[in-house]
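Chemist: Okay, handing you the structure first.
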Amino acid sequence: MKWPNASEAFLLANIVEPYEKVLNSKLNTLETIKVTFSDESVRFEVQFEYGTNLETTEQKMRTLLSGVRAFPTYVAPLRFHQGGNNVSNQVVGSYFFTSENGQFTQAQTQLIKDIAKKQLVSISGVEKAELFPNLEQRVVIRLKPEQLTAFGLTLGDVQSRVRTLLQDSTGTFEQDAYLYTASYQSVDSISSLQNATLATKLGTVIRLNQIANVSVEATPSKWMTRFNGQSGILVRVLRQKQADLLTIQNAVDEQLALNTTALDVVALNYEITFDTGLFIKRAVWMMVEAISLGFALSLLVSFIFFRRVIPTLLSSLITLLSIMGVLGVLYLFDVSINVISLAGITFAIGMFVDGVLILIEYLDRQPHALKQSPQAIFNAISTMIPALLASTVTSVVVFLPIIFSEGAEGQLFSGLSLAFVSGLLISLALTILIVPVFVHAFMSGEAGQKGRSFVAGKLTHLVLNNIPARLAVIVVSTVVFLSSAIMLLPSLGYLPDIKRDAIDVYIPLKNTESKEKVKEELVEPLNRLIPQLVDGDIKNYYVISLGRLVTVGLRLEDNEQLPQTLAKLKAELPDAFANYNVITIHGNLFGGIEAKNNLKIYLHAHDKQWLAANQDNIKALFNKHLSGVSLRFKPDLTAQKSVYKIIPKFDNASFIGVSEVELKQLFKSLTQSNYLETWSMNGEAINVYMTLGERQSLSEYANVPYVTQAGRQTYIGELLAFEQTQVIPSQVRFNSSYAIELNIGITDKALSVSDVMSQIEQHIAPELTALFGDKGRFELEGSAASITKAKQALSGMFLFVALSLFAIVTFTLKNYKAGLYVLASLITPLLGGVIAIILLEVMTGIRLDVLSVIGFIIMLGTVANNSILLVDTAARLAESGLAQSQAILQAIAQRKRAVLISSLTTIAGMVPLLLFPSEAGQLYKGIAAIIIGGMAFNLLSIFTVVPAFMAQFGCSSNKSPEIEQQEKHQNEYQGAA
């Protein structure tokens with residue numbers, strides 16, 4: 001919120017502390033409150049627990065804060081925005097407007113404002129259209145003190161008269177049976193305000209422009225923008241969270257096209273610089289290609305196994321119908337078809353045909369008599385349905401925590417989860433309904449392909465017939481493999497580093513740089529230097545000063561030249577701007593330096609002077625233990641800023657007859673924030689300010705004449721003293737106490753957030769605690785805190801998945817031992833997923849992050865299917881009276897082809913995601929690698945690990961006592977042997 005003339009002390013007492021008290025006491029899921037002060041304004045950043053519904057929480061906050069205190073009319077209402085500073089995932093496009101004349105005219109800026117604030121924001125799904133600079137205007141009345149003295153007018157006289165002129169009145173009256181509305185407006189244009197009359201105490205009437213200069217001008221801003229070497233105005237369009245990006249971007253483009261004539265008339269051009277749609281379109285086509293290739297590969301696996309066309313055609317039919325069903329579900333739930341939802345189809349594409357292939361393989365081994373009618377076929381496959389149902393439900397259940405998660409993975413994967421879950425359920429239903437009819441119509445006369453009889457491997461026979469070997473397999477596959485997976489698990493990052501076709505440069509500023517200094521030392525030199533440093537053709541580039549940061553964006557015509565251009569800028573720019581910290585990076589889809597994997601440490605101290613004196617010591621401590629990182633303090637307490645202290649001369653004021661209220665009003669009139677009224681000018685609300693002339697510095701007002709409210713003439717210097725001094729910048733408030741923010745950016749690609757966290761906890765934290773002593777404390781935030789919360793949430797997800805798998809398998813198969821065996825079989829694939837992500841990092845540099853961890857959850861639900869098929873068959877055979885070892889061997893013989901087909905089709909569906917080089921692939925390569933690695937290890941171990949458990953502890957929990965006694969004697973005999 002912005003409050004003209006409000007000091008930090010005023011905002012703290014009247015806004016910040018009351019708001020902190022209300023929020024802390026009324027919001028149960030609140031975690032942190034960060035408050036940042038700037039000139040006459042304050043910003044709150046409120047963070048909530050993982051899983052909090054932000055929509056309802058925002059409404060509750062609005063209600064709570066509206067009752068804290070009333071605002072004057074000139075204070076704008078509180079503005080809310082969900083998602084913090086990083087809005088890069090909401091950006092539809094960034095459009096730069098330039099003037100053919102180089103500088104913008106009033107007509108040009110007004111047209112740009114109308115397009116942004118009236119036309120674009122009216123598009124359905126657009127949250128807002130931001131202007132940089134904001135192009136807000138204000139009316140400034142600069143009084144001429146000498147003229148006021150000559151006419152005997154006081155500051156209060158003029159202010160009172162102008163307020164009256166600016167205030168509109170409305171009323172109603174009845175005439176001829178109609179109710180009319182009447183309005184009264186003294187002035188309706190800037191010219192009528194300039195010529196408004198005032199009565200002096202000398203009995204004369206003068207016009208306002210005789211004692212003041214009245215003008216409409218831009219609201220002061222620290223923003224400066226340059227585009228392709230010219231002055232520019234940036235319009236950034238943000239979409240609502242659930243709105244479809246491509247639809248909105250098309251609507252924005254169409255709206256801008258409608259303004260072509262108007263733009264030509266006033267000599268304006270525009271160009272889009274950040275085109276999110278371009279990435280989305282490429283990514284969508286990549287996902288379509290991945291789905292197509294995965295479909296083809298899964299069908300190829302089917303054909304290789306069956307060596308027949310009919311089963312492959314049936315697989316094609318089920319897959320196509322399942323995809324159509326998923327698209328229908330996405331439409332019903334109003335989920336757009338995008339790179340996220342298409343990824344769900346890609347992950348499931350190989351699993352759509354699992355049920356078909358398993359049933360066909362089962363029917364191939366059945367006699368012709370069981371294929372004489374659809375009902376007979378259905379009766380034949382009915383024994384397989386519980387296992388298929390359990391397999392599908394386990395895969396579905398693993399996505400429930402993701403669907404209901406409010407974290408980054410929940411936001412990114414909600415569409416994916418819906419596509420995946422709906423696809424599996426639809427494919428299962430279609431399989432059960434279509435397979436009997438299709439087989440009867442087209443395959444009843446086929447002899448089937450029974451394939452070669454399965455001969456169990458030596459290791460399988462060993463674990464069945466030798467108890468020590470069996471126990472060794474159990475121990476290795478559980479204790480050893482689980483320990484290995486935990487030890488080998490790479491350190492965790494937060495978000496994947498997804499590159500886009502751009503180079504970004506960031507130069508943080510201190511609090512001491514003036515707008516003119518930034519323009520002379522950074523903006524204009526960068527504007528000239530960037531084209532000189534680029535060898536190839538430039539598509540576009542911009543230079544923007546944001547007040548506390550100067551940023552450069554560069555796009556090339558030939559993206560193949562990006563690496564060498566990036567290297568050149570990294571080498572040249574630090575030397576060209578040696579007094580500044582220049583950060584040059586490959587553009588990131590998830591935002592810039594503030595959105596990267598970084599850490600924040602809040603340093604709290606009771607004594608701000610002590611903290612300022614020790615800031616360099618703290619920096620040295622971090623540099624001693626950390627390399628490959630950049631450190632930045634916000635605010636930098638060592639960069640003191642110049643301020644004026646206005647000291648009232650109470651003795652002189654009392655002698656002259658000036659009250660303290662009049663002294664405060666006099667002070668306000670010397671600044672640019674002396675607000676008078678909000679005025680409706682040409683249908684636009686505009687703030688009006690009044691100042692006592694304009695001087696180069698406040699101290700020059702000392703000799704300016706002043707007429708007191710009592711009519712006495714004096715000089716401002718007789719009433720106020722002016723003193724310029726240096727002060728430490730304002731700190732932020734974090735969790736209701738003052739602090740400074742230390743941002744740790746990771747510049748070494750070999751480092752992860754977890755690596756840096758480990759160094760801080762082991763080495764830096766003890767020394768920092770000793771340095772602070774009783775002076776204060778510190779706390780870790782940023783990606784580090786997010787990772788900690790994500791780890792906790794993911795641990796909860798893993799526990800939920802494990803318990804759900806056990807419960808579902810036990811309930812569906814009515815065999816608790818089956819549930820335990822399925823859980824035990826997941827450890828080996830877990831190790832396979834860990835090894836796969838390690839290999840991926842070595843080969844491509846893609847690290848394990850919070851989003852990739854979802855791959856483990858998906859993979860565990862998928863590999864459980866193979867174990868379910870094997871355990872269910874063995875249990876049913878054992879319950880029928882077959883000896884345990886024979887039941888296991890026969891179960892392997894019956895299910896080995898189904899397990900192989902199911903696993904290979906799933907792997908085939910993942911291969912395109914792993915191999916396709918694209919921006920979208922960066923999101924999913926880690927997930928694909930984990931699934932492929934886990935499935936591969938599962939194939940290598942399932943015919944050994946699961947048989948070992950079943951042989952040692954029994955196939956079923958439902959066998960008769962006689963059968964259990966026989967198995968006991970058999971085990972004793974094998975042990976003696």
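Including glycine, each Cβ sits where the backbone N, Cα and C put it.
Sharing the feature lines straight out of TrEMBL:
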type: TRANSMEM; residues: 283-306; note: transmembrane segment
type: TRANSMEM; residues: 313-333; note: transmembrane segment
type: TRANSMEM; residues: 339-363; note: transmembrane segment
type: TRANSMEM; residues: 384-404; note: transmembrane segment
type: TRANSMEM; residues: 416-443; note: transmembrane segment
type: TRANSMEM; residues: 471-495; note: transmembrane segment
type: TRANSMEM; residues: 793-813; note: transmembrane segment
type: TRANSMEM; residues: 820-840; note: transmembrane segment
type: TRANSMEM; residues: 852-877; note: transmembrane segment
type: TRANSMEM; residues: 898-915; note: transmembrane segment
type: TRANSMEM; residues: 927-950; note: transmembrane segment
Chemist: Which range wins on Cβ pairs under 8 Å with the transmembrane segment (471-495): 313-333, 339-363, 416-443, 820-840, 852-877?
Modeler: 820-840
Chemist: At a C-beta cut-off of under 8 Å, are there same-chain residues at least 6 beyond the transmembrane segment (927-950) that contact it? List them, or none.
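Modeler: Tertiary neighbours of the transmembrane segment (927-950) are 347, 456-457, 459-460, 463-464, 470, 473-474, 477, 817, 820-821, 824-825, 828-837, 839-840, 851-852, 854-856, 858-860, 862-863, 866-867, 870-871, 874, 884, 888, 892, 896, 899-900, 903, 906-907, 910-911, 913-914.
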Chemist: Do any residues, 6 or more residues outside the transmembrane segment (898-915), come within under 8 Å Cβ-to-Cβ of it, and if so which ones?
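Modeler: Hits for the transmembrane segment (898-915): 289-291, 293-295, 297-298, 300-302, 305, 343, 346-351, 353-354, 357-358, 361-362, 862-863, 865-866, 869-870, 921, 924-925, 927-929, 931-932, 935-936, 938-939, 942.
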Chemist: Taking a Cβ cut-off under 8 Å, which residues six or more beyond the ends of the transmembrane segment (283-306) line up next to it in the same chain?
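Modeler: Hits for the transmembrane segment (283-306): 312, 315-316, 319, 323, 337-339, 342-343, 345-346, 349-350, 352-353, 357, 360-361, 364, 449, 897, 900-901, 904-905, 908-913, 916, 918-921.
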